[in-house]
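These features come from TrEMBL:
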DOMAIN    43-294  domain 'G-protein coupled receptors family 1 profile'
TRANSMEM  27-50  transmembrane segment
TRANSMEM  62-88  transmembrane segment
TRANSMEM  94-122  transmembrane segment
TRANSMEM  134-159  transmembrane segment
TRANSMEM  198-223  transmembrane segment
TRANSMEM  244-267  transmembrane segment
TRANSMEM  273-296  transmembrane segment
Amino acid sequence: MPFPNSSDLSPPSFILASIPGLEAAHFWVAMLLCSIYILAVTGNCAVLFIVKVEPSLHAPMYFFLCMLAAIDLALSTSTVPRVLSFYWFDTREISFGACLVQMFLIHTLSAIESTVLLAMAVDRYVAVCHPLRHAAILTNAATAKIGLVAMARGVLFFLPLPLLLLPLPFCSSRVLSHSFCLHQDVMNLACANTTPSLVYGLTAILLVMGLDAVLICLSYILILKAVLRLASWKERLKVFSTCIAHICVVLVFYVPLIGLSVVHRFGKDLAPLVHIIMGNIYILVPAVLNPIIYGVRTKQIQRRILNLIHIHNN
């Protein structure tokens, strides 16, 4: 195979990956993804609306939940419409610039979500271990500042990722292993030294998602110690039950993230289908499950949803 000329070094586009063996069923794959996306949008918009109109939910934990809902909406919307266009209209190519923008949005929004989950863990720690100081520590102003810090942290840590890829030559296969753009995936297609990009990407993930995961675990260790000091098992279960929804949301976010990272780092010999499924799970599953988890665990949200259904039926 001849070495590509200079015109090949700045790719005009990448090729999105399709599900192997299901090329003839793209329409139905798109219908399934579209249905999941509509469910995610509906659930997260419902959370935003209910928290806005329900005064009893005007508290830091539910403001953080609104942040999660907004992030999930942005994350799924930055990827799913382009994926649907691919499956419905066979637009497999994505321009280099659009790919870098999508990659930046995915990683930045994921970092912001990780920071918000850490803030929610701190909220639960203060509520359980220092209940009398909770209102004074986590005020509405403090919650807003945490949201701004989460945004700034995500942008500052992950803006360098596309900038490091921008000058690289791409002269090998331009076929991605997902239906959207991720840093590791795009980096692997470069035909130059990618060590700086690789090292920075790993460092950013460890300093954001990795550090957040450690601090969340530490928060729950302290919460568990405080709960075990309570007199009866009934009191312990009652207090700890206030953390169940957040624990589920943390698992829903971090398990697909870790799974996708493992597939990228160590799964080069895995079937392409594994990469595609893990990518879609990472993008869509948290956006769908987060509203359901908090809807099941929060009576005010349940009541508002039932009222809306009752009004609609009448």
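Quick reminder: no glycine exception, Cβ is built from N, Cα and C everywhere.
Contact between the transmembrane segment (134-159) and the transmembrane segment (27-50) is absent: fewer than three CB pairs lie under 8 Å, with pairs separated by 6 or more positions in sequence.
Within its own chain, the transmembrane segment (198-223) is flanked in space by residues 107, 110-111, 114-115, 117-118, 121-122, 124-125, 128-129, 153-154, 157-158, 160-161, 164, 183-184, 187, 240, 243, 247, 250, 254, 257, 261, which lie at least six positions past its ends and keep a Cβ under 8 Å from the stretch. Between the transmembrane segment (62-88) and the listed ranges 27-50, 94-122, 273-296, the one holding the most Cβ pairs under 8 Å is 27-50.
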